[in-house]
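Structure record follows, encoded as structure tokens.
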Amino acid sequence: MTQDELKKAVGWAALDYVTPGTIVGVGTGSTAAHFIDALASIKHQIEGTVSSSEMSTARLKAYGIPVFDLNEIDALSLYVDGADEINGQMQMIKGGGAALTREKIIAAVADRFICIADESKQVDVLGHFPLPVEVIPMARSYVARELVKLGGLPEYRQDVITDNGNIILDVYNLSIIDPIRLETAINALTGVVTVGLFAARGADVALIGTADGVKTIKK
């Protein structure tokens, strides 16, 4: 199976976790796009969705799936999204698609976070994939200097503005032994909106696409 076929398999497998009559949190990226395609097949069974990006919102609306503002709802039972890396503790690096802040907000609200990914995203130690950090534009240089002090090599992601109007620094050269500690440290930097480490709030279930089928890992 190709990588895209593995992504499609986990996107459809995530439908098993959708409860009829509920609002579903939807992530961003190529794997989440397959979940949106799958969700369209049961769109009349759900109340609607909450979206983590303008890109996902456009795809959902193209299928005629209702999209709610997160502020309009009191609770969210499920959030489904991909990951750039996921370790054995269900902690992740996310934000390759620059939607990390809205993704993290929805993950915080949701009762259950289902991570969908192909097997290439599984790692023992996070950090081979550059760690995205969303930053207020005027703080870019300051935050970059502080990230160097933490052992990283930050690189400004050119020509990318987030849906929130901010910029992204991608941090290389990190071997993230203590993800929660690093998440806390980077989030504490003035000018940082959020970091793409999903460690304090990781996934509850991971659906991993493999050549032998979809593997389910539970926290």
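Every residue gets a Cβ built from N, Cα and C, even glycine.
The substrate binding site annotation in Swiss-Prot covers THR28, GLY29, SER30, THR31, ASP81, GLY82, ALA83, ASP84, LYS94, GLY95, GLY96, GLY97, LYS121, and the record cites sequence analysis as its basis. Under the heading active site, proton acceptor, Swiss-Prot lists GLU103.
All features noted in Swiss-Prot, drawn onto the structure.
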{"residue": "THR28", "record": "substrate binding site", "Cβ contacts under 8 Å, 6 or more apart": "SER52, SER53, MET55, SER56, ASP81, GLY82, GLY97, ALA99, ARG102, GLU103"}
{"residue": "SER30", "record": "substrate binding site", "Cβ contacts under 8 Å, 6 or more apart": "ASP4, LYS7, GLY82"}
{"residue": "ALA83", "record": "substrate binding site", "Cβ contacts under 8 Å, 6 or more apart": "MET92, ILE93, LYS94, CYS115, ALA117, LYS121, PHE198, ALA203"}
{"residue": "GLY96", "record": "substrate binding site", "Cβ contacts under 8 Å, 6 or more apart": "GLY29, ASP84, PHE129, PRO132"}
Ranked by how many other Cβ atoms lie within 10 Å of their Cβ, the binding-site residues LYS94, LYS121 are led by LYS94
